[in-house]
Amino acid sequence: MCGVAAWLGDDAASAVYELLLELQHRGQEAAGIAFLANGGIRLVGGPGLVREAIRLPAAAARAWAAIGHVRYSTSGRYGGEQYQPVAGSKGLVHIAFNGNIVNYRELGRELLGRSYTWDAQLVADLVEALYLEQGSLADALREAAQLLRGAYSLVAITSRGELAAARDPYGVRPLAYAVGDGYAAVASETAALDSLGLPWREVGAGRMLYCNGSPKDCVETGLASGHEPRPCAFEYIYFLRPDSVFEGVEAHAARLEMGRRLARRDTVEADLVAPVPDSGRSAAIGYALERGLPYTEVLYRNRYAGRAFIAPPGERNGRLKRKFNPIRSTTWGRRIILVDDSVVRGDTSRWLARILRRSGAREIHLRVASPPVVMPCFLGIDTPSRGELVAHGRSGDEISRVLGVDSILYLGMRDLEEAVGRRLCLGCFGGAYPFPLDVARLEKVFTEDRR
Ligand code: SF4
């Protein structure tokens with residue numbers, strides 16, 4: 001996952017800071033901003049949330065171009081020691097990107113003569129080397145797109161004041177921009193641009209926004225030959241803010257429909273429908289509306305505890321325990337249909353079943369608004385091996401037992417695609433990745449490089 005932002009125009013560093021605050025849900029391990037002021041690019045950032053990680057120095061007030069990033073690590077080391085944006089080795093190009101490059105080791109060895117353990121550094125060095133050859137950021141990114149294999153939505157600036165925002169040929173991750181009088185703005189999600197009142201457009205799959213030093217000189221142009229977009233299904237299921245639009249589809253609307261479709265396949269009797277807050281809420285509303293059952297909340301979620309799923313492994317359990325507390329007046333003696341957006345490792349569901357039973361729930365029927373996650377992701381989600389997935393190699397009954405719920409029902413892949421109304425990447429559900437991947441080899445690569 002991760003979130004990226006960029007701004008060209010007055011007060012660029014502060015504007016990127018504001019956009020990153022709106023994208024905080026996409027990454028909570030680290031944050032950073034690179035800004036162009038006084039002819040050079042400066043980088044600030046570190047571990048933690050945007051407000052903890054970024055202290056803008058006085059020079060940032062003169063920044064005319066800036067890019068920024070919130071990190072959810074899916075390559076390189078856990079924790080905030082590594083953060084983006086990343087500088088190329090000569091400091092002429094800085095990039096920030098959301099996604100994963102599956103051939104970064106080979107590209108590093110074969111083209112740059114170095115071994116890499118972090119795909120972001122490879123992308124920065126490669127784009128900078130191509131920039132030195134081509135003399136234009138747009139041409140460097142076009143050339144890089146012929147070499148990079150994976151999912152990426154990236155922003156880049158050069159010390160000459162060029163700014164670009166590019167989306168991979170399959171458009172796996174979201175990216176949007178707004179260009180107006182005196183500014184060009186970019187953000188991973190449309191909701192971030194909405195929050196600043198900017199009229200946005202999405203960057204098309206295999207396309208880029210390129211600005212040659214001024215907002216007046218911005219154009220959306222081709223990056224690589226197009227494919228049918230294959231947006232990540234998980235963006236619609238979990239990552240996107242409900243008020244964001246990706247490939248023309250609002251996340252909340254898609255999630256409501258996922259819940260409705262799940263409900264149509266269900267006959268279990270229950271007293272109420274409740275979401276796992278907050279990401280299961282839209283689907284739970286759709287489910288309850290479809291079945292005409294009472295909808296309520298059975299869990300309080302501490303919104304200052306962060307998103308447990310995207311926390312580094314060592315922090316997940318502690319965060320989970322602090323995050324939820326049952327609401328006893330709605331759990332005691334009730335048969336609960338608990339709707340979650342997804343079940344990946346199973347830690348959250350197992351913990352919730354335990355605390356709901358402790359607070360008197362009579363039955364817990366877990367309804368999951370996505371298919372079982374049975375395969376790893378190498379395109380921007382930190383699930384690099386099959387062994388950590390609770391549904392891998394288990395039947396529905398076995399999963400129910402492991403999670404401690406009375407029953408479980410998942411959404412099917414076809415219903416998921418129909419709910420979104422788009423062809424999706426469904427790789428982690430055992431469907432198709434956008435392009436062929438050597439899963440066994442990549443499990444090794446992405447597990448080895450994580451510490
Ligand atoms: S494999 Fe799953 S999580 Fe990864 S990009 Fe595809 S749908 Fe998204």
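Cβ coordinates are placed from backbone N, Cα and C, and glycine is handled just like the others.
Taking all protein chains in view, 27 other C-beta atoms sit within 10 angstroms of the C-beta of CYS2 (active site, nucleophile). Residues or ranges marked as active site, nucleophile by TrEMBL: CYS2.
Sequence annotations record features per position, and here TrEMBL assigns domain 'Glutamine amidotransferase type-2' to 2-214.
Look at TrEMBL and you will find CYS232, CYS377, CYS425, CYS428 tagged as [4Fe-4S] cluster binding site. The 10 Å shell around the Cβ of CYS232 ([4Fe-4S] cluster binding site) contains 29 further Cβ atoms across the protein chains shown. Following the DSSP three-state reduction, the secondary structure of CYS232 ([4Fe-4S] cluster binding site) is strand.
Under the heading Mg(2+) binding site, TrEMBL lists SER279, ASP340, ASP341. Taking all protein chains in view, 23 other C-beta atoms sit within 10 angstroms of the C-beta of SER279 (Mg(2+) binding site). Look at SER279 (Mg(2+) binding site): DSSP puts it in coil.
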Given the binding-site residues CYS377, CYS428, which one's Cβ is surrounded by the fewest other Cβ atoms within 10 Å? CYS377
Cβ-Cβ distance under 8 Å, sequence separation of 6 or more, same chain as CYS425 ([4Fe-4S] cluster binding site); the residues meeting this, in order, are TYR170, VAL172, ARG230, PRO231, CYS232, ALA233, LEU379, ALA432, TYR433, PRO434
Out of the binding-site residues ASP340, ASP341, CYS377, CYS428, give me the one sitting nearest to CYS2 (active site, nucleophile) by CA distance. CYS377
By a 10 A CB contact count over all chains shown, which of the binding-site residues listed here is most packed: ASP340, ASP341? ASP341
Sorry to bug you, but what's the C-alpha spacing from CYS377 ([4Fe-4S] cluster binding site) to ASP340 (Mg(2+) binding site), rounded to the closest Å? 20
Do me a favour and check the Cα-Cα span between CYS428 ([4Fe-4S] cluster binding site) and SER279 (Mg(2+) binding site); whole Å is fine. 19
Measuring Cβ to any atom of ligand 1 with a strict under-6 Å cutoff, which of the recorded positions CYS2, SER279, ASP340, ASP341 qualify? none
Roughly where does the domain 'Glutamine amidotransferase type-2' (2-214) sit in mean pLDDT, to the nearest integer? 95
